[in-house]
Amino acid sequence: FVEKYTKFVKERSEIETNYAKQIRNLSKKYQPKKNSREEEESKYTFCKAFLTTLNELNDYAGQHEVIAENLTSQIIAELTRYLTELKAERKSHFHDGRKAQQHIESSWKQLESCKRRFERDCKEADRAQQYFEKMDADINVTKADVEKARQQAQMRHQMAADSKGDYSSYLQKFNQEQNEHYYTIIPNIFQKLQDMEERRIERIGVCMKTFSDVDRQVLPIVGKCLDGMTNAAESIEPKTDSKQVVESYKSGFEPPGDVEFEDYGQTMKRTASDTSLSNSREGKEKPAGKSKGKLWPFIKNKNKGSGPEDFSHLPPEQRRKKLQGKLDELNKDIQKEMDQRDALTKMKDVYVKNPQMGDPASVDPRLSEIGQNIEKLQFEVQKFEGWLAEVEERMPSKSDSHRRSGIYETQNNTTVSNNCAQDRESPDGSYTEEQNSETQVKFDDEFDDEETLPTIGTCKALYPFEGHNEGTISVAEGELLYVIEEDKGDGWTRVRRNEDEEGYVPTSYVEVFLEANAKGAMTYI
């Protein structure tokens with residue numbers, strides 16, 4: 001029965017293990033994949049609730065693994081060990097019983113042997129006596145023969161008497177051994193077997209209780225897992241999710257202006273608002289009377305490719321978010337490269353101080369490569385910042401809520417513009433941009449009527465900087481300049497020499513002195 005119960009618990013443990021494995025696989029299967037649409041959607045409350053449910057389900061599976069482990073350690077392992085001891089003890093008791101049985105049987109055989117010898121000696125004595133009496137009565141027999149027969153009879157009687165004594169003695173001994181066998185030895189063996197069986201039954205009872213306790217011990221944690229699932233479901237906020245959808249997909253287009261009456265009696269004159277759904281140039285090519293362009297949100301996106309580098313195929317708000325995301329990625333890459341450069345610089349210093357550890361010159365090629373990478377990335381940052389500033393200036397709403405991204409807080413008076421972006425809106429509502437063969441980012445006078453950026457501090461040039469790239473400014477060593485925009489993590493600080501000259505210089509080339517209560521600073525968080 002112990003073997004049978006152990007097998008039962010083992011099968012239950014295997015069921016728990018397989019169940020936990022299947023639950024874990026189910027949870028893993030529905031986890032959002034990295035860099036997929038599911039990961040982007042995970043910001044919504046219902047997606048977060050589902051993710052929480054999956055995580056709680058994973059913990060729930062863990063509790064079933066705990067059940068399987070505890071069943072194995074507390075019951076299966078214990079009973080397996082106990083079963084070995086039980087078999088050994090039982091075998092020992094049966095061995096003792098067989099030994100006692102063999103001993104009493106051997107004693108009985110010896111008693112029977114003594115009894116038969118006594119019987120044989122008695123018969124021999126009777127025959128010898130009869131022969132002596134016959135010889136004594138015969139007158140023809142010599143006296144010597146009679147004496148010999150008499151002596152033989154006496155000897156036989158003595159042997160019979162000795163056999164009788166042996167038989168009587170052994171009978172007494174056998175009766176004592178038989179009494180001890182049936183009243184002491186065998187009852188003791190049976191008592192030990194009974195005690196062993198009672199202990200076994202008690203042990204099985206304890207294991208059966210443990211069997212239920214192992215399950216009960218995980219119920220509080222299972223309850224917490226279920227509570228977590230319930231709380232996750234209750235945390236779903238439909239209105240919050242719909243607001244996030246609106247925020248994620250709003251275009252930034254202004255509704256089109258009124259369509260003017262076209263008097264064909266006069267020279268054809270037609271104007272389209274800057275945010276009209278139809279393009280002025282294409283309007284001339286299309287015959288009058290045709291239906292106007294479709295509303296852009298309900299048109300399938302025919303452009304399945306990634307689109308232009310500046311995301312000019314997207315609506316303004318979407319373009320701004322994409323550009324900001326790209327800037328964030330570039331700034332992270334710059335930070336990684338700078339960290340590598342700092343680490344290698346420290347390594348080189350160690351090599352310089354301790355030449356036996358390595359050659360300082362061996363680090364130079366990598367440092368040079370990292371420097372080139374940083375320059376490329378900083379150029380990319382400038383390029384995307386120009387596009388970002390341009391799209392923010394062109395967006396209908398100039399409020400701060402439309403200007404902020406997750407990492408940067410950009411001011412309304414940005415003056416960087418792309419000088420070749422015209423006629424943004426196409427007839428089908430897509431956001432297009434005509435560009436020259438070479439994109440140039442420069443400071444324009446287009447927004448001179450806006451308020452200029454306030455000064456937030458001063459800086460002193462530590463090294464000369466030639467400023468070949470567009471958007472940068474050349475400085476001489478020791479020159480004092482005004483800081484109008486703090487380094488936002490990309491390694492560049494925006495400075496002003498006078499009202500007409502301003503641009504970016506590498507932060508590492510200048511020593512910045514910010515004013516305590518400066519307003520308008522672009523802060524890197």
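Cβ coordinates are placed from backbone N, Cα and C, and glycine is handled just like the others.
Keep in mind it's a predicted model, so treat the numbers as computed, not measured.
What TrEMBL says about this protein:
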- 1-241: domain 'F-BAR' (DOMAIN)
- 270-280: compositional bias 'Polar residues' (COMPBIAS)
- 313-390: domain 'REM-1' (DOMAIN)
- 320-347: coiled coil (COILED)
- 393-403: compositional bias 'Basic and acidic residues' (COMPBIAS)
- 408-421: compositional bias 'Polar residues' (COMPBIAS)
- 454-515: domain 'SH3' (DOMAIN)
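For the domain 'REM-1' (313-390), the mean pLDDT of the prediction comes to 83. Across the range of the domain 'REM-1' (313-390), the DSSP-based residue counts are 72 helix, 0 strand, 6 coil. Helix, strand and coil content of the domain 'SH3' (454-515), in residues and according to DSSP, is 3 helix, 29 strand, 30 coil.
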